[in-house]
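Annotated in Swiss-Prot:
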{"type": "ACT_SITE", "residues": "H96", "note": "active site, electrophile"}
{"type": "ACT_SITE", "residues": "E165", "note": "active site, proton acceptor"}
{"type": "BINDING", "residues": "N9, W10, K11, G171, S204, G225, G226", "note": "substrate binding site"}
Amino acid sequence: MRKSVIAGNWKMHMTCAEAKSYLKEFIPLIKDINEDRKVVIAPPFTAISTFSNHSDFDYLDISSQNIHWEDQGAFTAEISPKMLLEHGVSYAIVGHSEPRKYFSESDEQINKRAVFAQSSGLTPIVCVGETLEQRERGEAVRVITRQVEQGLENTDPSNLIVAYEPIWAIGTGKTCQAEDANKICSLIRKLIGFDDVIIQYGGSVKPNNIDEIMSMSDIDGVLVGGASLDPNSFARIANYQ
């Protein structure tokens with residue numbers, strides 16, 4: 001049975017002091033969480049140590065928001081798996097739509113990050129998704145297929161999470177209909193060819209739509225942005241019914 005993974009991506013939010021205050025409020029809210037699910041938070045790099053030093057660390061796992069494909073070198077602004085593992089990081093978000101958009105990150109680069117994350121002992125959360133223009137032109141399936149085939153080449157599906165995040169739904173308040181999201185997640189599972197791969201949905205996930213999203217057969221979790229910044233909101237998402 002696939003375990004549900006509820007992940008919060010804080011992006012460029014939260015200082016160390018704010019993260020500490022957040023955890024103090026959040027952790028009691030998830031202490032009784034079902035054993036069939038895992039909670040993950042991806043804080044800014046500067047706040048990772050706040051998580052790894054927290055006494056109640058057992059209740060959730062840490063993810064980085066990106067990762068490089070080398071352990072060291074002249075790669076300004078990048079971070080390596082070796083550096084992250086020192087701080088108890090277990091996951092790494094790869095290929096999020098924002099690096100794809102703002103830094104022109106390619107499927108080839110995303111693949112290198114994902115493969116190296118796995119070889120270093122981390123589980124990559126590889127993001128895929130179409131733009132509004134691509135969706136309106138009927139190109140969503142073609143785009144997702146390309147991103148999966150090129151971005152996941154030579155990866156181990158047993159140590160992998162794929163997050164379907166339709167770009168037009170991120171931070172816009174627009175949510176992909178649960179049935180439509182489930183169809184894309186089913187497509188991703190078929191493309192990978194491994195029934196037990198964990199597939200998340202991301203895109204304006206909130207407390208008022210989490211129960212419907214998680215009732216879908218091919219959605220195994222969510223990648224949450226803005227709603228993960230409030231401890232009560234994210235706890236409600238983690239404790240979905």
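If you go along the chain as it appears here, the first residue is 1 and each next one adds 1.
Note: Cβ is positioned from N, Cα and C throughout, glycine not excepted.
Annotated features, which come from Swiss-Prot, shown on the structure.
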| residue | record | Cβ within 10 Å |
| --- | --- | --- |
| N9 | substrate binding site | 25 |
| W10 | substrate binding site | 22 |
| K11 | substrate binding site | 18 |
| H96 | active site, electrophile | 26 |
| E165 | active site, proton acceptor | 26 |
| G171 | substrate binding site | 13 |
| S204 | substrate binding site | 20 |
| G225 | substrate binding site | 20 |
| G226 | substrate binding site | 18 |
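In the three-state DSSP scheme, N9 (substrate binding site) is classed as strand.
In this record, substrate is bound by N9, W10, K11, G171, S204, G225, G226; the longest C-alpha to C-alpha distance in that set is 14 Å. Cα-Cα distance from G226 (substrate binding site) to the residue listed as 'active site, proton acceptor': 14 Å (rounded to the nearest whole number). Taking CA atoms as the reference points, H96 (active site, electrophile) and G225 (substrate binding site) are 11 Å apart.
Cα of the residue listed as 'active site, proton acceptor' to Cα of N9 (substrate binding site): a span of 12 Å.
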